[in-house]
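Notes to accompany the following structure.
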Amino acid sequence: MNKFSQNQLSFLLSGAFFLILLFNVFTVTKLPISDLAFTTMEWMHYVAFFVVGYTMAKQVQGGNKITPFYSGITLFGLGYVLVHLINGNYYNNSELTVILLYLVFILAVSHVKWKPKHFILFGYMSLGVILLLMIQWVQLGAQMSSFQSYIRNPNILGVFVSCLLFFPLVAIKYVPTWNRVLFIFGIGAACILIYVSSARAVLLLLVTVFLSRLILFYSKKVFYYLLGLLLLFNTFFLLVYTMLANSAYFKKLNELSVDIFGKNLFSGRQDVWESVLQFGLKQPFFGHEVGIVPKDYIEGTHYVHTHNQYLQIFIESGIVGMVLFVLFLYGIWKVYQKGLDFSIVRWSACFFLGILVYQNVEVSLFFNMQSIGLLQWFIISVGISGVLYSKTMENDTRYNS
């Protein structure tokens, strides 16, 4: 097969890969096709094994650039296996397998050489989905709150559109001038869809993305400290939110939130968080069980997950798991710092921060919304790939801002 045919095949496969990523989102809809989407999502995990094997066999040069990432993901994966064994949960290995498959997916995406033409393709495909959602929104009367399309609830629609938004933002610099008008329209439409979904956590995600992008524009040194500040904020948010829910300001804050967003500020998460913390502290070091859900330890609860990714990791694997997860995040962050001269790495790093803020009130990186989690890890991992192949990128001015 000549080089031209190889490039064509690579381009087609990348398009098919991204199309399946989008198709997987049908798992969070109320449509009959959701069963097929669950199947394709499972296939994607296993295809990742072949991608990892192929890229490792090629012995990609520059792997030392992402050593912190390798260290972090290895420690996190091995740590989860060790905690699982310590807790003696041999009867249920499926949930642990899911986490390990996520890690394989992350490794696979991080080792693929993504080019501008790929991001242009992903950008146009994302714009197509955004346009379809926009048309449906108008046809349904252009409601200004709680728009959810065919998806189970508005919050999931909001975070899905936020994932789609990443690709036009990355691709806009690679397309001809007139095409940028279309991309600007698509970016604006995505922001409108997020707003009318009333997904406040996603609005916070976007604020984090654009604020961190602004900080990066002015100072890489300040940008470096954002991960640490964000993790401190996440801890502070959890504690303060729970305290305010039990304070005299509860009613006033709820009323203010309804006036502004049309939703209560305290929707019940504070109740499940208190129960999670209390149960988690019974086995603080190694946690209880990978994949544990509220109904396993909160009698009569209607919550299907903890609504906080960090609490979920804590209750599954304790302080040990949390420390390893933070080291994993820090490893990714250290790698990003080596490629901030490139647009794709900058956007990936900023969305990384936004996604971590989003995990304060949802669980999407592991379990729960798996199709959304794959999209979010894809966004995070293409930035790692950008650093891995930075030598190639230096010779292509299109990568630079």
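Cβ coordinates come from backbone N, Cα and C, glycine included.
As written in TrEMBL, here are the features:
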| type | residues | note |
| --- | --- | --- |
| TRANSMEM | 12-29 | transmembrane segment |
| TRANSMEM | 36-57 | transmembrane segment |
| TRANSMEM | 69-87 | transmembrane segment |
| TRANSMEM | 94-112 | transmembrane segment |
| TRANSMEM | 118-135 | transmembrane segment |
| TRANSMEM | 156-175 | transmembrane segment |
| TRANSMEM | 181-211 | transmembrane segment |
| DOMAIN | 189-326 | domain 'O-antigen ligase-related' |
| TRANSMEM | 223-244 | transmembrane segment |
| TRANSMEM | 310-332 | transmembrane segment |
| TRANSMEM | 344-361 | transmembrane segment |
| TRANSMEM | 367-389 | transmembrane segment |
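When DSSP labels each residue, the domain 'O-antigen ligase-related' (189-326) comes out as 97 helix, 0 strand, 41 coil, counted as helix, strand and coil in that order.
At the 8 Å Cβ threshold, with sequence separation of at least 6, the transmembrane segment (156-175) lacks contact with the transmembrane segment (69-87), having fewer than 3 such pairs. Here the transmembrane segment (94-112) sits against the transmembrane segment (367-389); at least 3 CB pairs are under 8 Å, leaving out pairs fewer than 6 apart in sequence. Listed by sequence, the residues of this chain that lie at least six past the ends of the transmembrane segment (69-87) yet keep a Cβ under 8 A from its Cβ atoms are 63, 93, 96, 99-100, 103, 106-107, 110, 286-290, 316-318, 320-321, 324-325, 327-332, 334-335, 384. The average pLDDT computed over the domain 'O-antigen ligase-related' (189-326) stands at 85. Within the same chain, residues 11, 14-15, 18-19, 22, 149, 157, 161, 164-168, 170-172, 174-175, 182-183, 186, 189-190, 192-193, 344 sit at least 6 positions outside the transmembrane segment (118-135) and bring their C-beta atoms closer than 8 Å to a C-beta of that stretch.
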